[in-house]
Amino acid sequence: MDKRNYIKKLVVCVTGVFFSYFIYGYFHEKIAKTKYDGEKFQFFSILMFFQCITNMIWAFSESCLHGDKIRENRIPQHLYLFCGCTYLFAMLSSTTALKYISYPAQVIGKSIKPIP
């Protein structure tokens, strides 16, 4: 791949990631902050459930499309369980935090954490 095509692909990917996160954050905050019949949204665990189902369907479809490229997995399964549980806790915590802070403030808070 020549440098010009590489830069085009990089710009498209970066733009896609930023645009996707922008839309995701906008709708996530809109769901969390909007009052429905005078009450704020309270069903964050259901929201997380549907988000996880969507992630699962996407991962399954990708593995079906690109399964021949996936190498034999040598990672112990209990590590996947641990990572999945911590991911769920982190996502549920960050989604619930939207009751108290805005999505941009949450993103800034996540981005200034120390890097190990």
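Placement of Cβ uses the backbone N, Cα and C atoms for every residue, glycine included.
Sequence annotations record features per position, and here TrEMBL assigns transmembrane segment to 6-27 (among others). Remote same-chain residues near the transmembrane segment (6-27) are listed as 103-104, 107 (criterion: CB distance under 8 Å, separation of at least six residues from the stretch ends).
Annotation comment: TrEMBL describes 39-59 (among others) as transmembrane segment.
Among the features that TrEMBL reports, transmembrane segment is placed at 79-101 (among others).
Away from its own ends, the transmembrane segment (39-59) comes close to residues 31-33, 88, 91-92, 95-96, 99 of its chain (Cβ-Cβ under 8 Å, at least six residues beyond either end).
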